[in-house]
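Asker: Annotations for this protein, taken from Swiss-Prot, read as follows:
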type	residues	note
ACT_SITE	Ser63	active site, schiff-base intermediate with substrate
ACT_SITE	His68	active site, proton acceptor
ACT_SITE	Cys83	active site, proton donor
MOD_RES	Ser63	pyruvic acid (Ser)
Amino acid sequence: MDTIGHHYIVEAAGCDPNVIGDANKIREIFLEAAKRGNMEVKASYFFKFSPMGVSGVVIVAESHISVHTWPEKGYAALDVYTCGENADPEKAVDYILEQFKAQYAHVSEIKRGIEEEDRTFTHTILTWEERLDRRNGKP
């Protein structure tokens, strides 16, 4: 089944508020995640809300990595979308969750742009949950 893109939608919980509340730290994490996922960075923008929370995006040649955070809840809404065959969005997601020190992740992988016989497009969705123990240095 050929697909134009892979879109990961991640609900990350139990994240370190000091990490997900720091726009500069998230930018560093996303730039490294793009590198690890074999993505070519084109631009980035991050905004720190008052009193807390960050929204940001890294535009990559293959599509984007974006986030909205709620440090007071330890929650981050993460999106990683890539097109093409060379990028590895799952590596980027894994690295971001590790750096956010997420305790839990609900992940949906959407295979987008699946061409139908009548030249329309559809998608498939695979969803899973992971309990993570990252705060104690365990993967």
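Every residue, even glycine, has its Cβ placed from backbone N, Cα and C.
These figures come from a predicted structure and were not determined experimentally.
In terms of burial and nearby residues, how do these features look in this structure?
Answerer: Around Ser63 (active site, schiff-base intermediate with substrate), the C-beta neighbours below 8 angstroms that are at least 6 residues distant in the chain are Gly5, Tyr81, Thr82, Cys83. Secondary structure at Ser63 (active site, schiff-base intermediate with substrate), taken from DSSP and collapsed to helix, strand or coil, is strand.
Under the three-state DSSP scheme, His68 (active site, proton acceptor) falls in the strand class.
Cβ-based neighbour count (10 Å, all protein chains) for Cys83 (active site, proton donor) stands at 18.
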Asker: Tell me, how many other CB atoms lie within 10 A of the CB of His68 (active site, proton acceptor), whichever protein chain they belong to?
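Answerer: There are 17 such Cβ atoms around His68 (active site, proton acceptor).
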